[in-house]
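Everything on this sheet refers to the single structure shown next.
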Amino acid sequence: MKTIIAAYSGVLRGTGSSLLSAVHDLPNIPWLSKSSVVRHLQIISVLQWVLSFLILGVACTAVLVYIFCTDLWLIAALYLTWMVLDWNTPYKGGRRSSWVRNWAVWRYFRDYFPIKLVKTHNLLPSRNYIFGYHPHGIMCLGAFCNFGTEATGVSKKFPGIKCHLATLAGNFRMPVLREYLMSGGICPVARDTIDYILSKNGTGNAVVIAVGGAAESLNCRPGKNTVTLKQRKGFVKVALQHGADLVPVYSFGENEAYKQVVFEEGSWGRWIQKKFQKYVGFAPCLFHGCSFFSSNSWGLVPYANPITTVVGEPITVPKIEQPTQKDVELYHAMYVTSLQRLFDKYKTKLGLHDSEMLEIV
């Protein structure tokens, strides 16, 4: 700032040398250095997604209602008509955009942490898959970056495979947010949607499901490797009904992105969270990251800890239209074993101690 003021003073005095000298010194100003600019772009890219995740749907709904009360009401009416006519599109595979998935903003998003995608086995385009993503974390940051964008090159690492990241169906009832999500290939985590993708959308599809859901997000915290899986068997039944192979996916570092106040079972805080989850579909978490300006103060920006998502070995699943409980239990046990093996194989390679264990609840 002193350099800029000095340059301006030089201009007022009529000395061009001061201006030229100031321009020459601009790269030496800390907040104008290339690395600083890039870092701030990374923070902005992450913050825009966090704010989109938290408030875009509600904000756009409020704006739409406001526009209805102005002279521009026709614009809101036309969009609402389009939204009604297009209501079922998210449930039929959505409307992905390669252009949006390849935005430069997602590469800045990736590099902030950074986020990496590790491929362990090839996937056949002639098969369909269900990816079980663990852990959920607060916002599934690794899942979004790896499977909702092309920032880590998922389509190049798994050629012929089209990933469909599944999220709460309620998000697709929100104006503008629904278009934003669909452009990334994101779909509702609804039975009708998954059935459509796995049976009427050809082959080479991979539905990515955060199996632990809201219950798992309530228990996530730095240093903990806990997944909610013991009673989560619906995704296995769906895989059997469609003959879709199961693929365990573990994201090391997902739980390090935010710090959360975890309420104990039986506490008033946990009671409120469970009631909210029951009636609304998701659980409110009391969490914080760092601020835009400093990693030492609280804010909504996640902590810049590495997130490495490892895609495990696919489990071949036969097509059984009416699987028995025994069938479901068998393939669920195989899935749990495969996930445990994946965690144990990569934990020391990705910074965890050999003594750290995966807790399955």
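Cβ coordinates come from backbone N, Cα and C, glycine included.
The topological domain 'Cytoplasmic' (1-42) scores a mean pLDDT of 59 in the predicted structure. What Swiss-Prot lists as topological domain 'Cytoplasmic' is 1-42 (among others), and the listing cites sequence analysis.
For the topological domain 'Lumenal' (62-65), the list of distant contacts is 76, 79-80, 175: same-chain residues at least six beyond its ends, Cβ to Cβ under 8 Å. Taken from Swiss-Prot, the feature topological domain 'Lumenal' covers 62-65, and the record attributes it to sequence analysis.
Residues or ranges marked as topological domain 'Cytoplasmic' by Swiss-Prot on the basis of sequence analysis: 86-361 (among others).
Taken from Swiss-Prot, the feature transmembrane segment applies to 43-61 (among others).
Taken from Swiss-Prot, the feature transmembrane segment covers 66-85 (among others), and the record attributes it to sequence analysis. Within the chain carrying the transmembrane segment (66-85), a Cβ under 8 angstroms from the stretch's Cβ atoms is held by residues 175, 178, all 6 or more beyond its ends.
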